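Peer 1: Mind looking over this structure? Questions follow.
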Amino acid sequence: MTICVRVRVSGRVQGVGYRYYTTTHAKALGVKGWIRNLPGGGVEAVLEGERKSVGELLGLMKSGPSGAMVSGMEIAEVECKGHDDFKIIY
């Protein structure tokens, strides 16, 4: 079953390779969507894929790459848009 979630991640997640880390894992898991930095230091992402794959990616995002320190994650289900890839929005 395909699900879609919007995730807002807070903590030390900018300047540590967090978007690249998430993109690499998303593509490996077959998750589609996007990720971007937010003003103020957080990161926002939309994840679309099989429930198991999205759940696994959320776990990886909670850990983050070395140098990151995730202090919070807000997760909400959203309408699926049929993304065809996972990309970083600049």
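Cβ coordinates come from backbone N, Cα and C, glycine included.
Okay, so Swiss-Prot annotates it like this:
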ACT_SITE  Arg19  active site
ACT_SITE  Asn37  active site
DOMAIN    4-90  domain 'Acylphosphatase-like'
Peer 1: To see if you understand the setup: which same-chain residues, six or more apart in sequence, place their Cβ under 8 Å from that of Arg19 (active site)?
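Peer 2: Arg19 (active site) has long-range Cβ partners Ile35, Arg36, Asn37, Val43, Ile88.
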Peer 1: Under the DSSP assignment, what numbers of helix, strand and coil residues are found in the domain 'Acylphosphatase-like' (4-90)?
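Peer 2: Summed over the domain 'Acylphosphatase-like' (4-90), the classes give 25 helix, 35 strand, 27 coil.
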